[in-house]
Amino acid sequence: MDFDRELDEELEFTKSTKKVKIYPTFESMNLKPELLKGIYNYGFEAPSAIQSRAIMQIIRGRDTIAQAQSGTGKTATFSIGILSSIDTKSKDCQALVLSPTRELAQQIENVIEHLGDYMNVRSHACIGGTQVGEDVKKLQQGQHIISGTPGRVLDMIKRRNIMPRHVKMLVLDEADELLTKGFKEQIYEIYKTLPAGAQVVVVSATLTPEVLEMTNKFTSDPVKILVKRDDVTLKGIKQYYIQCEKEDWKFDTLCDLYDNLTITQAVIFCNTKAKVNWLAGQMRKSNFTVAAMHGDMKQEDRDSIMKEFRSGSTRVLISTDVWARGIDVQQVSLVINYDLPLDKENYVHRIGRSGRFGRKGTAINLLTSQDKDELKSLQHYYSTKIREVPADLSKIM
């Protein structure tokens, strides 16, 4: 992704953020040569807006609260910050990254592994749904960076398989989810085991005032890099709706879309596990090749589905919001909200899948007559315009 100065200046940051120095190239950050090589090898060419502002704040040891759009390189922002601070000569765990889902924790570990490819860095995804014995074995070998879910990481700390006394940095990714959905007590327990003065980095696509208030418990005089609310929705994503009137008419509408659009890969979001299973069954009956994923599935099944989807052997993934946060599949060009999300904050996480790293994407919302008010509410919440699908479907992709 090229650093687009003009596009970068279009992003509206809060007043306090405008005082933060911008580093327009990775070279200007004076990074380790091995890390710089890993960054370029991973495909980055220049920092995104959030990377150009936040990486150096993290490297300097400042507690940092960073908010940016999905797909703008938030994961790489803190990963580069972590890798800059790691002493690979030591076997100690020096950084913990906590995420709300297993898939996101694995994705982060994968990014860290690739960016640190030339650094001899050791990292491990410590997540629930896997054998405890596998974690113990890996942790005993010594891991510099651990990316995990709060429950499993806390369990490993209590078992003394993770020794947090040398941890320099704690990262809370998708902080709005972590701090509001039952993880708060686990995170605070983990935080209390860390050395005094450990750096805390808080990252999310959306940060409500309530979540920002909660971060006071974990941070000390943090630098805040926040975008204005009306810039949270991704630039470059075309947003449309189709008025289906009745729930029963949505499926036929979906089939019509697939008959008329050329789609690389797509994600279809439903609000319940039951509907995911039902819709997958209906599409298979209509000879569509689809995969389905939700939180009730075994971890190995979810891993297998994600592997197939990333490789491109499956072109359509039907999912609940378990997939909405942070899972990066570069080829996704279309997101369809079969149901509007129950939580407005999830809208940006869902549609962000279709425009990764500046590529153009399309989001289509299927509406019943009862969804009209919710659509207006979404548009007001994000200060965005969601247009009706034009008669000529070739114009929307």
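Here the Cβ of each residue, glycine as well, is placed from N, Cα and C on the backbone.
Among the ranges 24-52, 53-81, 111-139, 227-255, the one that Swiss-Prot lists as motif 'Q motif' is 24-52. Swiss-Prot tags one of the stretches 101-104, 173-176, 357-360 as motif 'DEAD box', and that stretch is 173-176. According to its DSSP assignment, K74 (ATP binding site) is helical. Just so you know, the Cβ of T75 (ATP binding site) picks up 23 other Cβ atoms within 10 Å once every protein chain is counted.
DSSP places the residues of the motif 'Q motif' (24-52) in helix, strand and coil in these numbers: 17 helix, 0 strand, 12 coil. Across the motif 'DEAD box' (173-176), DSSP classifies residues as 2 helix, 1 strand, 1 coil.
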